[in-house]
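Novice: Before I ask anything, here is the structure I am working with.
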Amino acid sequence: MSFSFFSENMSTELTGLFVEKPTENITAVAAKVDSTTLTRKPTMKWLKGKWLDLVSKAGKHMQFKETYDRNTKVCIYTYEMKIIKAKVGDAGAYRCEVTAKDKCDSSSFEISVEGEDAGEDDGDLDFKAWHCLKKVKEEPVIDVWELLKSAHPSEYEKIAFEYGITDLRGMLKRLKKMKVVEPKHCEAFLKRLESCYSVEKGKKIVLRCEVVDPDVPVKWLKNGQEIKPSAKYIMEANGNVRTLTINKTSLADDAAYECVVGEDKCFTEIFVKEPPVTITKLMDDYHVVVGERVEFEVEVSEEGAHVMWSDIELVKDKDSTKYRFKKDGRKHTLIIQEATLDDIGMYHAWTNGGHTKGELEVEEKQLEVLQDIADLTVRATDQALFKCEVSDDKVTGKWFKDGVEVLPTERIKMTHIGRYKDKLIYSNVFLGYLSKDQTHLELFCLYVDYVPRQDPPKIHLDTTGNMVSQNTIIVVAGNKLRLDVEITGEPAPTVVWSKGDQVKATEGRMRVEARKDLSCFVIEGAEREDEGNYTICVNNPAGEDKAMLFVKIVDVPDPPENVRCTSVGEDCASIIWDPPVFDGGAPLKGYLMERKKKGSSRWTKLNFDVYEASTYEAKRMIEGVMYEMRVFAINSIGMSQPSLTSKAFMPIAATSEPIRLTVHDVTDNTCTLKWLAPEKIGAGGLDGYLIEYCKEGGTEWEVANQELCQRQGYVVRGLPVGEKVNFRVKAVNIAGHSPPAVLSQAVTIREIMEYPKIRLPRELRTKYIRKVGEKINLTIPFQGKPRPVATWYKDGQPIDPKMVNVRNSNVDTILFIREAEREHSGTYELVLQIENMEDRASLILRIVDKPGPPLKMKVTDVWGFNAALEWDPPKDDGNCEIIGYTIQKADMKTKEWFTVYEHNRRTNCTASDLIMGNEYMFRVYSENLCGLSEEAGVSKNTAVIAKTGVFTPYKEKDTSCMPKFTQPLVDRSIVAGYSTTISCSVKGYPKPKIVWMKNKMIIGQDPKFLMRNNQGVLTLNIRKPGTFDGGKYSCMAVNDLGTDEVECKLDVRGKRG
């Protein structure tokens, strides 16, 4: 098997993350990635073709390797792919992709394999690869995916085998994603959401779409979960536009969003860009000696940011305790406890938006002898002690005697204690000889009084940790404070802690604990009263040292004060409060507000993000409901107790402006305004109206009414003549003034001449009839300017004020009669005059009374059991028409009166069915609109029904006659809905049978029609006729002698309007 290049080898310019890209046409492929700017380890993928992930193929045939070069200061990752015993099937296009969080890079390369004749022992034959190679040689390059997309699913397996695709399941998944899905026709959206949105962290973003139906509700989903409205998510609907506003975006808002209308949806995705974290304070270089503490400090632009430290040794020993990493807000610190020569080098700090470095130089400490060896003279057999002190307590020494090293023995002891490094102790010492012959030994006894070294005391304060500034310590109330202060000095100094003049004890809640080289000051459960200046004083014979510490106790703030409502609206209220008296020792971050309905115990949060101002407008309230508010203060320690509940308040809106403001009248110094009530009044009701006026061109409005006007009209007085004045009207209630209703143009204050005009009511345009004794009150409106003069006349003469009362006003005149009399009847005329202009109107007033008795009542004929009667009309008809007569009879024996006829219209009649042998007298009453006459006309003679002793046959007079209509029906036109009557009269004997017909159809017993027959007067009453009741009506009279018929046409008109 041999290898050949598929294409020419050419150099490629390096871009992106790759330091070295894979080389084509080799079986061992390597790629190098520079991770200097990456905050996390990169991820590498090896792909063959467009989709096949080679990780699943790892084994003996294909191997992958990842290495990291720790010997260089640049972070380089090396990724290798090896193909063992390459086959023809391994030829093709390859790609490697490297990703690290939001960064990505890729590189493509190709491998070609050429086959040779293989012997029996050359390995297994790969017929599939040979087949693929043959295809490559014989046919042009074909895009397999385009071929699969256009092929039938039944051919997928054949094409996969032909082109060497073995992962059929992966092929189907890839093919499903590649197929283009025809977009579903959208019926609900006019404009969909954009495919994606990008926003920086902390910024606001608005998602906007348009729907077809402006009234349809929509739902917003985030990763399939419905979003509820809040201070962060604001949903708005304006006509067809639907918007979702996301305030202060965070990385949690990086998600997929949907807008749902019914069953239709539109999708989008939001990408939140995290701003790069920059380094605001660079790292300093350090030059220290061995054993000193080193602190590399950097400051970044954002709290909680990730900072990566890098150094050769730091990477190696990252799990050791030598290095400490400290985060304090935006400050990041690398601490090396004890520097050594191995720590020399360059230290780096990286963020995703910056880089800094600092150099550390470490030199050896110069050794200094603080206490030299003193000469000693001791007695023989006594102990000799040599002692010295050096500057470094870790340095050991060697002892020499006359240039020869002294080694420890049973007689010679060596010790190392602190800086008093070495002690050399001799037991049974013989020190030298004075003479050469050694015959004389001179012993000296020397006592040396050794005074130890004295160091003045020193207080070493650690200014890191909870110290915000030099000598200031912050403690949260309720927490424990333990302050360890390092004390040095020889001999050990005495330590005294005090606050003011009070010395702190060694026991109790606030106490002092002593340890070796340390003084511990402890406060259990810090309280606000513990805040103040504390003094630590140390002294020993060598001197004294003092230090002052300020302990600051921080706590949650006090509750806000004086929470109150300053103004209300229809569904909102403005709330204001005073900051807390004590802020807890830390700056206030803001406030949280809650509200509840009065009488309820359930509080509702109004804001979820901290609100900084001390005024707030609460919204989405119900008008007319009492609410209460409370406020919490927040600082860096926590949230305060709630404030006292505010006084209850009610959201009430002012009314809308009054409508239809018009000028009703104008004189030389007045203007009459009229208007209608506001369309919207609300729960606050309406207390009245305020009228204001202002001269044209002016800006100062003057109030016309000192007290609220309760009516919907007002006369503004005291206006300047000839001036142009603007007017406006406001409605007032408990919530305040409404917007003003303003006249469209200024009004000129001047009397307007208007012709006089009498508005005579319709009922007075015909005869006005009233009964004697009734009260008459006639109001006749008129118009005209200036005020017209109204004068009444009766029958051409001025009326007598003793008989008729007249009262006149600006707009009408009233004619009043307390008790009407007959003499009040006549023609009345109203004359309306303005200078030389006038208008006239007349009305006829008729006062009616009961009529007088009929005259000349007499019996004109008697036959059989009948009597004929006649009379004359009354002399006094009561000032109105006689509508009929009532005839009564009385037997002369009993003299009891019985009515014979009522409503008889003629002045004669026939009394029938009289009793034989009786004598009758008769009387008659006249009748008009007022009723029957008070007196009756009595007949002067009587009717005697003769009684014969011998019966003689009575020859009855033949009075039979066929029916004959004496009064026909008359055509009529009526209005629908108003009852009407048609009538006629008929004579005939025997009494004819009456039949009413409509359009030749017998009416019968229809309850809509009422038929009457009174002494031959026939009436048909039609109750509330409709248009369908029109037509031809006929009346037919039938008896044994014949038939007669009359007809008329009835036209029914529909109502107007």
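Placement of Cβ uses the backbone N, Cα and C atoms for every residue, glycine included.
TrEMBL: automatically predicted annotations, no manual curation.
According to TrEMBL, the record shows the following:
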{"type": "DOMAIN", "residues": "183-278", "note": "domain 'Ig-like'"}
{"type": "DOMAIN", "residues": "457-535", "note": "domain 'Ig-like'"}
{"type": "DOMAIN", "residues": "559-658", "note": "domain 'Fibronectin type-III'"}
{"type": "DOMAIN", "residues": "659-752", "note": "domain 'Fibronectin type-III'"}
{"type": "DOMAIN", "residues": "756-828", "note": "domain 'Ig-like'"}
{"type": "DOMAIN", "residues": "853-948", "note": "domain 'Fibronectin type-III'"}
{"type": "DOMAIN", "residues": "963-1051", "note": "domain 'Ig-like'"}
Novice: Reported in the order helix, strand, coil, what are the DSSP residue counts of the domain 'Ig-like' (457-535)?
Specialist: 3 helix, 46 strand, 30 coil
Novice: Averaging the per-residue pLDDT over the domain 'Fibronectin type-III' (559-658), what integer do you get?
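Specialist: Mean per-residue confidence for the domain 'Fibronectin type-III' (559-658): 89 out of 100.
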Novice: Where, among 183-278, 457-535, 559-658, 853-948, do we find the most CB pairs under 8 A to the domain 'Ig-like' (756-828)?
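Specialist: By Cβ pairs under 8 Å, 853-948 leads among 183-278, 457-535, 559-658, 853-948.
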Novice: DSSP helix, strand and coil counts for the domain 'Fibronectin type-III' (559-658)?
Specialist: 0 helix, 42 strand, 58 coil
Novice: Name the range, of those listed as 559-658, 659-752, 853-948, that has the largest tally of Cβ pairs under 8 Å with the domain 'Ig-like' (183-278).
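Specialist: The stretch with the most close Cβ contacts to the domain 'Ig-like' (183-278) is 559-658.
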